Amino acid sequence: METPAWPRVPQGTAVARTVLLGWALSQVVSASGTTDVVEAYNLTWKSTNFKTILEWEPKPIDQVYTVQISSKFGNWKSKCFYTTDTECDLTDEIVQDVKQTYLARVLSYPAGNVDAVGSAGEPPYQNSPEFTPYLETNLGQPTIQSFEQVGTKLNVIVQDARTLVRMNGTFLSLRDVFGKDLNYTLYYWKALSTGKKTAKTNTNEFSIDVDKGENYCFNVQAVIPSRRTNQKSPESPIECTSQGKGQLREMFFIIGAVVFVVIILIIVLSISLHKCRKARAGTSGKENSPLNVA
């Protein structure tokens, strides 16, 4: 019996089918490389004293991210290439001009095929909200550099925080960046009281009237009144004066000095009396002794 033969396909048609099949497979592979990629979401700026980080979700599974940043009318610049992190430090970019408005975006790539792109010819991405550092960076907690209570005056000096903003190779302080826009509020109260008073300044120094001899507690807060949001920093740790302790130490010193002088006088008088008694005893002995008979 003769074995049946398969229908013979013309050679040109076979080549065409092979090419078509190869193209279809490449499209499937390309689609599978991008379909499983999840776009980033919940893009959030985290910034304090101009230290600025972009955060997003989700944690990657079989994908990586690249971040791009641009000023409002500038070109995109890539940062944090093909990372599995969900944050990117963009401080170096925004401190170049803190009054500019910036936009960032997070691009998603398949972990094993970063050259794959979507149907639009670029990887899936998500834009961040716009961010203007000068208006939106959080103010960090201020520090009290020194304080002194003299009589009825309480003098307090606030230390400006350093930022990563540079000018001529030098890191600038918050005062250098914000100038008179930066204010400080001092909250103060008597040590045994809960009623707070406030004082404000657009410098770094306070000199306020207080009751002589009373101890006071206080802290400070940085404020930018011209802002709509993020106007205030956290309050600094509380400091307290110690007028009573100083006066008590002074009183103990005086009493100690008086006691020391009295003890010395007693010792000197005791020695003097002892010598006098001894001298009198010697004189009396001579007067009472019998005369020698020749």
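Any Cβ shown, glycine's included, is placed from N, Cα and C.
Annotated features in TrEMBL:
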DISULFID  Cys80-Cys88  disulfide bond
DISULFID  Cys217-Cys240  disulfide bond
DOMAIN    17-113  domain 'Fibronectin type-III'
DOMAIN    137-242  domain 'Interferon/interleukin receptor'
SIGNAL    1-31  signal peptide
TRANSMEM  251-271  transmembrane segment
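A map of TrEMBL features onto the structure.
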{"residue": "Cys80", "record": "disulfide bond", "Cβ within 10 Å": "18"}
{"residue": "Cys88", "record": "disulfide bond", "Cβ within 10 Å": "21"}
{"residue": "Cys217", "record": "disulfide bond", "Cβ within 10 Å": "16"}
{"residue": "Cys240", "record": "disulfide bond", "Cβ within 10 Å": "14"}
Cys88 (disulfide bond) to Cys217 (disulfide bond), Cα to Cα, whole Å, comes out at 41
For the domain 'Interferon/interleukin receptor' (137-242), what are the DSSP-based totals of helix, strand and coil residues? 8 helix, 55 strand, 43 coil
Could you tell me how many residues in the domain 'Fibronectin type-III' (17-113) are helical, how many are strand and how many are coil under DSSP? 23 helix, 43 strand, 31 coil
Whole-number Å only: compute the distance from the Cα of Cys217 (disulfide bond) to the Cα of Cys80 (disulfide bond). 46
Rounded to the nearest angstrom, how far is the Cα of Cys240 (disulfide bond) from the Cα of Cys80 (disulfide bond)? 46
